[in-house]
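Visitor: Sharing a structure here in structure tokens format.
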Amino acid sequence: MTTQHSRRNFLRGQLSRPEAPLMRPPGAQARFSQLCTGCGDCLRACPEAILIRQPGPSGPALPLVDFSKGACTFCGACAEACETGALCPEAVPEWPWTATITDTCLSLGGIACRACEDACEPRAIRFRLMTGGRAAPTLDPEQCTGCGECAFTCPAGAVSFEQRAPATEVVR
Ligand code: SF4
Ligand code: SF4
Ligand code: SF4
């Protein structure tokens, strides 16, 4: 499977999983889907170009973070650009997402890969040697900032994200 393919599959899985929490841009308020007009100002403001708009069942297409395009620096430019209150700059540091590594990890299958560990600046990912040339990734949720760099880098699409706090908004 190519890297492009695996990233596309990762994104597709993230967006289409029933009742999966939605990864709105940093600073998203609990009433995000009521406040957001889908104007796109946040997409245009993001220097990393990691925001996309995903059509919902009704109404305008609203923004989501897409880590297949890159990682978030938490610069807050998206929230600063939002004039409706759907994104709040003060809430950017409250980013609720933490990475997890799934069973499709190449290293778990005995293929040498440390791409996520190399990419993770806070050193939240370590590997534990196993039998048969395999190594199991372990991720420290206290160190993980949820930046998405590991997901962007992983050639197997093996990184997914969970919310630390209960989901405020889900796919219907
Ligand atoms: S915080 Fe910055 S890098 Fe992250 S989505 Fe917003 S504008 Fe883009
Ligand atoms: S700038 Fe605000 S209102 Fe416009 S699409 Fe982004 S979150 Fe929605
Ligand atoms: S999301 Fe960022 S901080 Fe968390 S494990 Fe991945 S690269 Fe490290």
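We count from 1, first residue shown onward.
A Cβ is built for glycine as well, from the same backbone N, Cα and C atoms used for every other residue.
Feature list, courtesy of TrEMBL:
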BINDING   Cys36, Cys39, Cys42, Cys46  [4Fe-4S] cluster 1 binding site
BINDING   Cys144, Cys147, Cys150, Cys154  [4Fe-4S] cluster 3 binding site
COMPBIAS  1-10  compositional bias 'Basic residues'
DOMAIN    27-56  domain '4Fe-4S ferredoxin-type'
DOMAIN    61-92  domain '4Fe-4S ferredoxin-type'
DOMAIN    135-164  domain '4Fe-4S ferredoxin-type'
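Tell me about the setting of these features in this model.
Guide: Under the three-state DSSP scheme, Cys42 ([4Fe-4S] cluster 1 binding site) falls in the helix class. Counting only same-chain residues six or more apart in sequence, the Cβ atoms lying under 8 angstroms from the Cβ of Cys42 ([4Fe-4S] cluster 1 binding site) belong to Pro25, Leu51, Pro63, Cys78, Ala79, Ala81, Cys82, Leu87.
Secondary structure from DSSP puts Cys150 ([4Fe-4S] cluster 3 binding site) in a helix.
Residues in the domain '4Fe-4S ferredoxin-type' (61-92) partition by DSSP class (helix H, G, I; strand E, B; coil) as 9 helix, 5 strand, 18 coil.
The list of residues near the domain '4Fe-4S ferredoxin-type' (135-164) in space but at least 6 beyond its ends in sequence, with Cβ under 8 angstroms from a Cβ of it, reads 1, 3, 6-7, 9-10, 13-14, 21, 23, 50, 65, 67-74, 95-108, 113, 115-129.
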Visitor: Between Cys46 ([4Fe-4S] cluster 1 binding site) and Cys154 ([4Fe-4S] cluster 3 binding site), find the distance joining the two CA atoms and give it rounded to the nearest Å.
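Guide: Cα-Cα distance, Cys46 ([4Fe-4S] cluster 1 binding site) to Cys154 ([4Fe-4S] cluster 3 binding site): 22 Å.
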Visitor: For the binding-site residues Cys42, Cys144, Cys147, Cys150, which residues place their CB under 6 A from an atom of ligand 3?
Guide: Cys144, Cys147, Cys150
Visitor: Could you tell me which of these binding-site residues, Cys36, Cys39, Cys46, Cys144, Cys147, has the fewest other Cβ atoms within 10 Å of its Cβ?
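Guide: Among the binding-site residues Cys36, Cys39, Cys46, Cys144, Cys147, the lowest count of other Cβ atoms within 10 Å belongs to Cys39.
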Visitor: Applying a 10 Å Cβ distance cut-off over all chains shown, what neighbour count does Cys150 ([4Fe-4S] cluster 3 binding site) have?
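Guide: Excluding its own Cβ, the number within 10 Å is 25.
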Visitor: Starting from the [4Fe-4S] cluster 3 site formed by Cys144, Cys147, Cys150, Cys154, give every other residue of that chain whose CB sits within 8 Å of the mean position of their CB atoms, in sequence order.
Guide: Ala71, Ala99, Cys116, Ala119, Cys120, Ala124, Ile125, Gly146, Gly148, Glu149, Ala151, Phe152, Thr153, Val159
Visitor: Given the binding-site residues Cys46, Cys147, Cys150, Cys154, return the subset with CB under 6 A from an atom of ligand 2, ordered by sequence, or none if empty.
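Guide: So the answer is none.
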